[in-house]
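If you check Swiss-Prot, you get these features:
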- 3-23: transmembrane segment (TRANSMEM)
- 54-74: transmembrane segment (TRANSMEM)
- 76-96: transmembrane segment (TRANSMEM)
- 118-138: transmembrane segment (TRANSMEM)
- 161-181: transmembrane segment (TRANSMEM)
- 197-217: transmembrane segment (TRANSMEM)
- 238-258: transmembrane segment (TRANSMEM)
- 262-282: transmembrane segment (TRANSMEM)
- 287-307: transmembrane segment (TRANSMEM)
- 341-361: transmembrane segment (TRANSMEM)
Amino acid sequence: MQQIMVSGTVAFLVSIFLTPVLIRYFTNRQLGQEIREEGLQSHLRKRGTPTMGGIAIIAGIVVAYVFTNILAMIQGVGGFTVSGLLVLGLTLGLGATGFADDFIKLYMNRNLGLNKTAKLVSQLAIALIFGFLVLQFPDENGLTPASTHLSFIRDIDTIDLGFGGSVFGIIVFLIFIYVVVSAWSNAVNITDGLDGLAAGTTAFVMGAYTLITFWQFRNSCDTAVEAGCYTVRDPLDLSVLCAAGLGATLGFLWWNAAPAKIFMGDTGSLALGGLVAGISVVSRTELLMVIIGALFVIEIASVAIQIGVFKTRGKRVFKMAPIHHHFEALGWAETTVTIRFWLIAIMAVLAGVGVFYSDWLHLAEV
């Protein structure tokens, strides 16, 4: 528990103090967000607001994770693990993609940033590398960071995407990992359209997973094989990483809350999406994440529905997509939308954690 608290605190401090440095840097160089003329008129006031604040979030996560693990090694109570490093690598890889996108927008005056092909290839390569590596590095019990089984609260034994380790099965598993990584990174990216919405929602999700992974650590099959134990590798280190994600997003939210002094940009949203995706895979809770991250699911689903219906029927389901802009178009104030969406996110998190704990109670009583 001490490691988790240290990680969250360090991440918060790094993020909250580094963010204003970035605000001054980008403001002094007149590097800010471009706002589309065809968008909501109320958003035009945001033109010129500094972006790339995700740098502070990533820095907070990295510094906190590294500091906490070095401290644990000095004290002889833990250290870096394969699972944690792989998720951190996924986070940094997607963050680098987002950084390149933001850099091109700001410094090369190309409003669209990376072209779609370059972004797709980058996400695909990063996801495939992650998917391959999470099946490597077995520990002394033969447990790898992830398994080829689809998972809800734990692995579903009857659904093996790897088909017993066949070449076809591994391809199917890698495709699945790409879908998970792409979906979550794009979902967080799409949600980042209102001041504080993506940062706050991610903080709720990371808070939930800090608890979940710590519970997996306390009830790990590595320490005691009993009813309800979890076959998750390195759960304590994953909890440390989740706490870093929680602290870093809260520190950034201090400056990103309405009226935002800075945006996280693709640097932050893609990185956080990678963190969400990676944690769901290595904690073996991919389907549970759909409940806990339900607001992200709603946001990306609204875009898919809008595009699908418009292309097939020539009609729009929403006034604007993603759905948070729909409510703005109906006349809701931005802060009203954000707070109400936060409430939805909190209810989803509570529901997901409740399902997770209920499963453990049921198995523990058997």
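Every residue, even glycine, has its Cβ placed from backbone N, Cα and C.
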Practice problem: Please indicate, using numbers and ranges, the residues of the same chain that are 6 or more beyond the transmembrane segment (3-23) and have a C-beta under 8 Å from a C-beta there. | Solution: 50, 52-53, 55-57, 59-61, 63-65, 67-68, 71-72, 77-78, 210, 214, 236, 239-241, 243-252, 254-256, 261-262
Quiz item: Top stretch among 54-74, 76-96, 161-181, 197-217, 287-307 for CB pairs under 8 A with the transmembrane segment (118-138)?
Solution: 161-181
Exercise. May I ask whether the transmembrane segment (76-96) has at least three C-beta pairs under 8 Å with the transmembrane segment (197-217), counting pairs 6 or more apart in sequence?
Key: no
Exercise. Grab the same-chain neighbours of the transmembrane segment (341-361) for me: Cβ-Cβ under 8 Å, and only residues 6 or more beyond its ends, written as numbers and ranges.
Key: 153-154, 194, 197, 200-201, 204-205, 207-208, 211-212, 215, 219, 228, 285, 288-289, 291-295, 298, 324
Quiz item: Cβ under 8 Å to the transmembrane segment (76-96), counting only same-chain residues 6 or more beyond its ends: which ones?
Solution: 3, 54, 58, 61-62, 65, 69-70, 123, 126-127, 129-130, 133-134, 137, 145, 181, 185, 233-234, 236-238, 240-241, 267-268, 270-275, 277-279, 282
Quiz item: In terms of Cβ proximity under 8 Å, which residues at least six beyond the ends of the transmembrane segment (262-282) contact it?
Solution: 19, 22-23, 26, 33, 49-55, 57-58, 61, 83, 86-87, 90-95, 97-99, 101-102, 113, 126, 130, 134, 145-146, 177, 180-181, 183-189, 191-192, 198-199, 202, 205-206, 209, 213, 232-234, 238, 241-242, 245, 249, 252, 255-256, 288-289, 293, 296
